[in-house]
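The block underneath contains the structure these notes are about, expressed in structure tokens.
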Amino acid sequence: MELATRYQIPKEVADIFNAPSDDEEFVGFRDDVPMETLSSEESCDSFDSLESGKQQDVRFHSKYFTEELRRIFIEDTDSETEDFAGFTQSDLNGKTNPEVMVVESDLSDDGKASLVSEEEEDEEEDKATPRRSRSRRSSIGLRVAFQFPTKKLANKPDKNSSSEQLFSSARLQNEKKTILERKKDCRQVIQREDSTSESEDDSRDESQESSDALLKRTMNIKENKAMLAQLLAELNSMPDFFPVRTPTSASRKKTVRRAFSEGQITRRMNPTRSARPPEKFALENFTVSAAKFAEEFYSFRRRKTIGGKCREYRRRHRISSFRPVEDITEEDLENVAITVRDKIYDKVLGNTCHQCRQKTIDTKTVCRNQGCCGVRGQFCGPCLRNRYGEDVRSALLDPDWVCPPCRGICNCSYCRKRDGRCATGILIHLAKFYGYDNVKEYLESLQKELVEDN
């Protein structure tokens with residue numbers, strides 16, 4: 001409910017408004033025209049017309065103009081240096097002013113908050129200004145509050161203009177804020193409803209698709225079963241084209257093989273291989289002495305006739321491999337390897353053993369036969385002892401020592417393959433098991449047994 005009351009301004013208040021100010025003269029308000037609609041230029045023109053006409057009946061249009069406000073304008077301050085201490089608690093609560101209470105009740109909470117914030121801003125500005133300006137403002141009274149702005153400040157609103165402008169602007173701001181908040185709430189509600197509806201639609205579509213897929217699957221299964229039944233019926237109706245075999249073998253059960261036999265478990269033997277020795281393993285085809293065999297063998301190698309003429313055998317590395325007994329030193333004898341661990345392998349500086357074909361730097365035997373050459377007469381300590389039962393040191397110090405290949409008793413893989421026999425492999429452990437010291441004696445015993453059996 002708006003208050004539309006008009007009060008006739010007394011002469012004292014009119015004198016206050018008609019008194020000249022610092023910058024320009026204030027001649028009063030124009031009758032029946034609100035101050036909000038007047039600009040700075042129009043207000044000046046209206047004041048000139050009022051001054052020329054000397055209108056005494058000046059009316060102040062404000063619904064908030066009360067007796068207390070009129071008394072404040074009439075009373076004069078005691079001194080120019082006195083400051084305004086503010087309103088009392090009763091004035092703020094509105095107990096003595098029922099009209100102000102009505103206006104405050106019309107305002108909403110947002111309007112009251114805006115008014116309080118504006119009052120705080122005014123207090124901060126007053127604190128920021130120096131004391132002289134404040135004393136001057138208090139000495140003039142409230143006449144400065146109703147001064148019209150100049151042409152430069154025409155667009156800027158005056159904070160101390162009137163209470164009507166203050167309340168109207170506060171109401172407009174509050175209405176705008178409430179409208180914006182309502183719009184935002186409506187948009188949020190609409191968005192939530194749209195999202196929920198979309199999610200519900202998606203879930204419905206997914207459930208419908210899944211149900212459709214299940215229905216199609218069941219229909220396909222039924223159709224396939226019906227088709228298979230029809231095909232089987234057609235096949236059964238035509239036995240001439242597709243004869244049905246009687247399951248004779250299905251009735252017979254296969255005999256289950258047992259993993260272990262009930263009798264005594266026999267030792268598992270390795271399968272026969274081509275590398276294993278034949279039946280006549282160590283049997284020699286001749287029964288001559290070793291010396292005669294060696295003589296015949298070397299004479300055969302030296303006799304390579306071409307047109308009835310003999311050709312001498314070319315000797316290779318004869319000078320480098322032959323060492324007389326006088327050249328053997330104590331260092332050479334100490335360098336002889338007794339076991340396999342004493343052998344040091346060296347592919348650059350080492351020399352090769354005829355039996356094991358390993359290139360080591362230990363001292364090896366030297367064959368004193370004039371027809372022996374190269375690696376043929378070189379045997380290391382372990383090979384000469386295990387395979388033939390001889391010692392390398394005694395062989396080096398013997399000027400008449402001849403290597404096993406020259407004697408025709410070599411049992412290495414190359415020599416046995418050349419003679420048409422298979423390789424023996426590692427037989428030293430088997431020979432020691434049967435009570436022999438070397439492989440040569442074990443092979444000779446086998447040969448004697450075979451000869452005796454024949």
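Glycine residues also receive a Cβ, built from the backbone N, Cα and C atoms like all the rest.
What Swiss-Prot annotates here:
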type     : residues : note
CROSSLNK : Lys222   : SUMO2 cross-link
CROSSLNK : Lys225   : SUMO2 cross-link
MOD_RES  : Ser21    : phosphoserine
MOD_RES  : Thr77    : phosphothreonine
MOD_RES  : Ser79    : phosphoserine
MOD_RES  : Thr81    : phosphothreonine
MOD_RES  : Thr88    : phosphothreonine
MOD_RES  : Ser105   : phosphoserine
MOD_RES  : Ser108   : phosphoserine
MOD_RES  : Ser117   : phosphoserine
MOD_RES  : Ser139   : phosphoserine
MOD_RES  : Ser162   : phosphoserine
MOD_RES  : Ser195   : phosphoserine
MOD_RES  : Ser197   : phosphoserine
MOTIF    : 9-33     : motif 'Integrase domain-binding motif 1 (IBM1)'
MOTIF    : 65-91    : motif 'Integrase domain-binding motif 2 (IBM2)'
Neighbour tally for Lys225 (SUMO2 cross-link), based on other Cβ positions within 10 Å of its Cβ: 10
Residues satisfying Cβ distance under 8 Å from Lys222 (SUMO2 cross-link), sequence separation of at least 6: none
Between Ser197 (phosphoserine) and Lys225 (SUMO2 cross-link): CA-CA distance (Å): 42
Count of other CB atoms lying within 10 Å of the CB belonging to Ser195 (phosphoserine): 10
DSSP three-state assignment for Ser195 (phosphoserine): helix
